[in-house]
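Data first, discussion second: the structure below is written as structure tokens.
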Amino acid sequence: MSTEYQWGTRHGRLREHRLCSNPDSRVASAEERYKGRLKMCKPTAECYKILNAIPEFDGEEFMADEEQLVPGMVSVVDDSGCCPVSVRICNTTLCPQPRHCPQFYKLTEQPPAKGKCCPTFTCEPPQDVCLFEFEFTADVNGGEKKRNMTDKFTVTKQCSCSGDSPGSYRAVCAITTCPSLLQEADSVHYVLQHVPVYDQCCPDIKRVACKEGEVVHQAGSQWSSPSGDRCETVTCFETPDGSVQRSLITRSCGTDCKPGFKYENSPPDSPECCGRCKQVACIDNDKLRPQGSIWQSKDHCRKYQCLVEDDMFQVKVTEAVCPEISEDILQDYEMTEVVVEGQCCTNKKRTKCKEGEKIYEIGENWISPSNRCKNITCISSGEGGEALKRERTLSCREECLKGWEYVPSPPTSQECCGKCVQRACVADDGTLHKPGDTWQGNCTISSCNIRGEQFQITTTVETCSDVTGCPKDSLYQEGCCWKCLRPTGTPFMNCRPELLPETKTVNLVKHEEATHGKCTNLWPIQNFTECEGSCRSSTYYDPVTSSHESDCQCCQAVDFNRLKVKLTCEDGHVLERHISVPASCQCDGCVNSPKKPAKHPGNNGESPNTPIEEELPFIKDADQ
């Protein structure tokens, strides 16, 4: 039999062309015959061409194998012999990856079979569990549905794995029926609704509202308890998971009331559960004040009264109104506030007087700055001894004594009135004599003189000897004097100050004031003295004049003491005067003697119009 082999380049395998057949002949395989031919070394030009690692026989007879290269096998050229040849080699890195097994299946690897390069892999089912593919699948809206269908779920299977040895386990399924809403116990008090849950057979049951009988109550509603108890209330509220819940609230009435209140139950016919705390007294801080009671604040400035108006307790407050001090009083006085026990308002007492910005104590007096003829005195008045201004407007008396002339005060002076200025001397008979005049009287010679600002009448009197104690039969008159035929050698009386009896000093000092009239002392004067005693007198012959001159010695004061005497005037005004009384006496020249002349008795050298002390006039009260 003749056979022709051709290497097919299209499919990568040898194709066999049989030209004849011999059933009894054994046909060698193409590989054997190829290898046999290789043993016959021949020139390279005569070698077969290698195409895709398979020799091309150029149409010569050759037996080819139709099977492809198995996974993992590769063809390589072996040129170690006479002619290059193609051989097959196993490369496991080119083996395909094992396939992925379904869930629960286990991947098993088997070694390569004979003539194969790669191992084989199989997915073996588990032997210790049941594998079951459900007819229904989970619905995205909850429940289940048939695969590739949109039917709503009604019932589903509940399965269990049954078996007694590995490999014998099988699924046993039962049907689960979902409960009806009306079968739920909550349906009595709640409105229920199915809520589908993904991958769950039966839906959840959700409370969406409360109900009482046939009446539906939404979340947030509240209604009276069906029991009729007015202290019970049913509420419907939403829970954190979005459901609703009923709650029975039983109100507990608190009977404890704050001070001043008393608990009273609600009337039986009232819909209210609890009573109320009714006020029974007014509350004053921590004290209870019954109706009608009256009390005061600690400072006594508020008066409180507990009253009931329209069944409500109220505290009526009455504020004390304190008197205001007028601006006129504040301008004239300095005030001091005195707290009075039990009274709200302080007692504002006038303690000092004011004149502009100047303050005067009680007892001080001053001239008004607006009227120099107004004299103001700050006195203490009333039982409280408050300061009070008393004013007196002086009226000036311009009538002066005889021999005196009224002179007004200068405009710049602070004095209100002018004064009487002496212009002439007044003799005992009332006649006026200007300074320097001289006149004669009975046994006297007088003259009007001015010493400083004072007018004085100087009188020269014939000095008569003291005839006190002279026997009457020894007395005789000679001229103006009585003389005594004193026996020779009879001593003279000493010349010395003698105290005048106090009873004789009353009304002794007299003075006439131009503005207050006649003034005199109404009280005795202590230590009032006079010079008493006898002095020697004689005549002597003067050869110059060729005549006898008299040397008369009189008991006269040579030193004086000053006494202060209070004089009371006709209008009640009191003033003080100073008078001089002898402190020491001695025999000195008489008036006509070149010795010291005697002063006119009763004239102390002061102006009869000069007051020693300011008067204390009566004036009106400051509040009149």
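Cβ coordinates come from backbone N, Cα and C, glycine included.
Caution: TrEMBL annotation is automatic and unverified by curators.
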Cross-link partner of Cys585 (disulfide, per TrEMBL) out of Cys531, Cys535, Cys552: Cys531
Member of Cys535, Cys552, Cys554, Cys569 annotated by TrEMBL as disulfide partner of Cys587: Cys535
Cys585 (disulfide bond): tally of other CB atoms within 10 A of its CB: 23
Those residues of the chain, 6+ apart, with a Cβ under 8 Å from that of Cys587 (disulfide bond): Cys495, Gly533, Cys535, Arg536, Gln553, Cys554, Cys555, Gln556
Sequence-distant neighbours of Cys531 (disulfide bond) in its chain (C-beta under 8 A, six or more apart): Cys495, Arg496, Pro497, Glu498, Cys555, Gln556, Ala557, Pro582, Cys585
Taken over the domain 'CTCK' (495-591), the model's mean pLDDT: 84
